[in-house]
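Enquirer: I am attaching a structure below and will ask some questions about it afterwards.
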Amino acid sequence: MKNVQINIGAVVKEEDEWDQEMGPFPKPGVATLRDWDFKICNRYKIMYSPADDTCTLCTYGPCDLTGNKKGACGIDMAAACGKIVLVAVLMGTCAHTAHGRHLYHWCLDKFGDMPFDMGSEILVDAPLYRTILGKKPKSLKDFGEALEYCEEEIVQLLAACHTGQEGHYMDFESKSLHSGMIDSLGKEICDMLQTVAYDMPRGAADAPLVEIGMGTLDQNKGVLIAYGHNLAAGAEAMIYTEEHNLWDKVDIGGVCCTAIDLTRITETGRESKIPANLGPKAKVAGAMGWWRKMVRAGIMDTVIVDEQCVFCDVLEDCQQRHIPVIASNDKIMLGLPDRTNDSADAIVEDLVSFKMPGVAILDPVKAGEVAIRTAVAVKPKREQYKKESLFTEQQFKDTLATCTECNQCAFVCPPHIRISEMISEALKGNLEPFSSTYEVCVGCQRCEQTCPQEIPILKLYEYANREYIRNQKFKMRAGRGPVLDTEIRKVGAPLVLGQIPGVIALVGCSNYPNGTKECYDIAKEFVDRGYIVVATGCMAMDMSLYKDEDGKTIWEQYEGAFDGRNICNIGSCVANAHIHGAAIKVATIFAHRNERANYDDIADYIMSKVGACGVAWGAYSQKAASIATGVNRIGIPVVVQPSSVIYRRTFMGRTDKPEDWMVIDAKNGNMQQIEPAPEAMLYIAETKEEAMLEMAKLCFRPSDNTQGRGIKLTHYCDISMKYFGKLPDDWHLFVRDVKDLPLNYQTQMMKELEEKHGWKIDWKAKKFISGPLRPADVSFDPTNIPRKIRAKK
């Protein structure tokens with residue numbers, strides 16, 4: 001043969017190692033799963049809440065998009081909102097994927113390639129990787145291919161946002177859902193890399209209890225705070241402290257998700273290049289919402305920041321209090337000089353002498369060393385500055401007296417704290433309002449910026465709560481990591497059939513509408529009702545700050561298995577991927593669905609059969625948007641707090657449109673109208689009580705058997721009676737058989753069904769003659785995907 005070129009690519013041996021055939025969608029592109037996305041968007045109507053009526057993204061603008069007007073490029077209001085939603089979701093996706101890319105390079109540089117081993121009780125070891133890529137990772141290097149895939153998709157998605165590209169709102173939403181899926185894979189890559197490299201727990205229900213709270217940090221030692229989401233530099237600080245035997249001189253605490261991940265290091269006892277059982281020596285200072293309160297309290301001597309969710313004025317805040325700052329990641333450099341190539345001695349000297357307020361050090365090893373040495377050396381030098389930065393009693397009273405009660409602060413406060421009234425009470429000697437609203441304050445400092453008297457309100461809070469700060473000492477279970485296959489085998493059937501009423505996932509940030517106590521209240525409500533409750537990130541931290549009458553935090557009250565009446569701390573934000581993973585495992589382990597490159601099939605199973613609901617009750621960031629959107633694509637609904645209207649979009653079902661609730665019965669291909677289950681994909685609740693009621697409802701699934709539906713309906717009605725004093729208005733939509741009815745309300749409900757809704761009932765036999773949308777049928781196999789039909793009539 002002449003002029004023939006033969007190219008041989010990678011030799012694939014996957015078929016010999018996997019008992020599943022390759023599914024239809026390995027590495028899905030932007031449009032590959034568009035049909036599935038449209039199924040979601042057609043059932044759950046997109047509702048937009050634009051922040052304004054104009055578009056200013058190109059120089060033809062500003063363009064007025066009110067009514068039926070279009071922009072100069074031809075875009076309408078719906079598409080303009082869809083574009084902004086996509087950009088926001090992409091920001092979150094990029095943050096997690098870039099985090100994964102940094103960890104990938106760092107872990108390979110520090111540890112070399114390592115076998116990917118999640119332990120003997122986890123065989124479905126990277127569910128999202130397998131479901132999306134259609135491959136199994138064998139070593140850390142294999143995650144490079146997944147990162148390349150994520151990065152390619154991100155580029156294509158962002159390109160669609162350019163003026164003159166995508167112009168239809170439904171396709172923008174499909175692209176947002178695709179970005180959300182990429183985000184979920186990016187998170188899984190992050191947590192799998194650090195779990196293996198840093199020997200973190202692999203599904204440990206009995207992960208150790210670690211210390212949380214500002215009061216846990218020993219003020220007799222130098223205190224280093226590691227702030228952000230990437231553990232690399234903070235871990236090096238811990239390793240340096242351990243290797244130089246400095247724990248008697250320094251305390252290390254974390255803020256935000258770095259805090260959770262530092263407490264997970266080397267907890268399994270496996271052979272590691274890192275000192276054993278290092279994690280519990282770190283402490284969790286608190287979630288992101290406590291950051292400015294911590295600074296005002298002066299609890300730290302040095303701060304090392306990495307990436308994500310770091311307040312942009314961190315340097316200014318610390319500089320005012322002579323707290324050196326070290327930027328350890330190129331995503332946050334704060335205008336600081338790059339001292340990566342300078343000697344550690346020279347950098348420490350400049351920081352301890354306050355010649356520089358901070359430095360950037362992009363080598364995690366050097367950053368960790370400098371951070372520890374600086375914290376120890378600067379501690380005695382900061383004592384006088386710390387005293388000067390804190391109010392005395394007289395300064396507190398004098399500052400209170402300057403308030404004119406103009407109430408401008410209350411108008412800008414996100415949780416609407418009546419600050420002027422609080423100050424007025426304090427002038428009378430009553431500090432209780434300062435105490436009771438301390439955990440409600442989100443630490444945004446808008447009040448300070450708007451105050452015409454320039455009152456430092458957060459400093460007032462610090463003085464009024466100084467005893468609480470000293471005694472803020474609680475216990476939190478360290479992040480356990482993924483859900484075990486053995487746990488899924490135990491809960492799969494009762495979860496799908498409804499005997500376990502659902503999985504409740506508390507995730508996200510610290511921008512709560514009414515304080516951190518709501519995290520605890522929501523978690524306790526559902527764990528007491530027998531739900532499987534999982535938590536990650538800031539919500540996991542914030543629910544730790546409360547004790548019962550026996551002095552136990554929620555983590556001490558309940559066990560940490562993935563089971564009913566248990567509560568699991570899965571880990572940091574990136575560990576949210578394991579919640580996706582648990583749902584995928586129900587499909588593949590319990591139902592024997594092939595997950596390999598079979599995303600829409602798995603998502604269809606989850607949406608139709610796995611009772612689960614997420615709540616991001618403090619959502620503030622673009623990462624929260626990408627997390628929720630990724631969860632939505634895999635078929636799990638999410639409830640968010642009222643300020644989430646700023647995200648601009650919800651997915652709401654219309655119960656008055658029967659055509660939206662038609663599904664296929666896979667056993668015979670017949671179309672069947674179902675109850676609105678789940679009723680929404682993204683729901684904005686106004687209050688904690690409304691959120692809990694909606695969460696219970698969003699755990700309904702068409703596959704519930706009569707016992708399971710009865711259990712779910714009981715909790716739905718109980719929550720409504722407990723918080724609203726009446727049965728929910730729509731309970732009858734979820735009744736298929738008399739056996740579905742809660743025993744406590746059965747007679748009352750049957751009368752209402754007959755008298756109010758016109759159902760015909762055989763009272764003697766206790767049967768419905770007519771009325772329900774469909775009968776309870778244990779053989780009913782709902783699906784939205786035609787290829788799942790087993791036999792057509």
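Backbone N, Cα and C atoms are what each Cβ position is placed from, and that goes for glycine too.
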Enquirer: Given that Swiss-Prot annotates H229, C257, C509, C538, C573 as binding [Ni-4Fe-4S] cluster, state which candidate in C309, C312 belongs to that site as well.
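Expert: Only hit among C309, C312 in Swiss-Prot's [Ni-4Fe-4S] cluster site, alongside H229, C257, C509, C538, C573: C309.
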Enquirer: Can you tell which of C441, C444, C451 Swiss-Prot lists as binding [4Fe-4S] cluster 3 with C403, C406, C409?
Expert: C451
Enquirer: Can you tell which of the binding-site residues C55, C58, C73 lies nearest to C509 ([Ni-4Fe-4S] cluster binding site) in space, using Cα positions?
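Expert: Spatially nearest to C509 ([Ni-4Fe-4S] cluster binding site) by Cα position is C55.
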Enquirer: Determine which residues of the same chain, besides H229, C257, C309, C509, C538, C573, have their CB within 8 A of the center of the CB atoms at the recorded [Ni-4Fe-4S] cluster site, and list them by sequence.
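Expert: Counting only non-site residues, the set is C256, A287, M288, Q308, G537, S572, S621, K623.
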Enquirer: I need the nearest neighbour of C63 ([4Fe-4S] cluster 2 binding site) among the binding-site residues C441, C451, C538, using C-alpha distances.
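Expert: Answer for the nearest of the binding-site residues: C451.
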Enquirer: Counting across all protein chains present, how many other Cβ atoms fall within 10 Å of the Cβ of C403 ([4Fe-4S] cluster 3 binding site)?
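Expert: A 10 Å sphere around the Cβ of C403 ([4Fe-4S] cluster 3 binding site) contains 20 other Cβ atoms.
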Enquirer: Which residue, of the binding-site residues C73, C413, has its CB surrounded by the fewest other CB atoms within 10 A?
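Expert: It is C73 that, of the binding-site residues C73, C413, has the fewest other Cβ atoms within 10 Å.
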Enquirer: What does DSSP call C406 ([4Fe-4S] cluster 3 binding site) in the simple three-state scheme?
Expert: coil
Enquirer: What is the nearest of the binding-site residues H96, C403, C538 to C58 ([4Fe-4S] cluster 2 binding site), using the Cα of each?
Expert: H96
Enquirer: Using the CB centroid of C55, C58, C63, C73 as the [4Fe-4S] cluster 2 site centre, which other residues of the same chain sit with their CB within 8 A?
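Expert: Sorted by sequence, the hits are T56, L57, Y60, G61, P62, G71, A72, I75, A80, T163.
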Enquirer: What's the number of neighbouring CB atoms sitting within 10 A of the CB on C63 ([4Fe-4S] cluster 2 binding site)?
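Expert: Other Cβ atoms within 10 Å of C63 ([4Fe-4S] cluster 2 binding site): 18.
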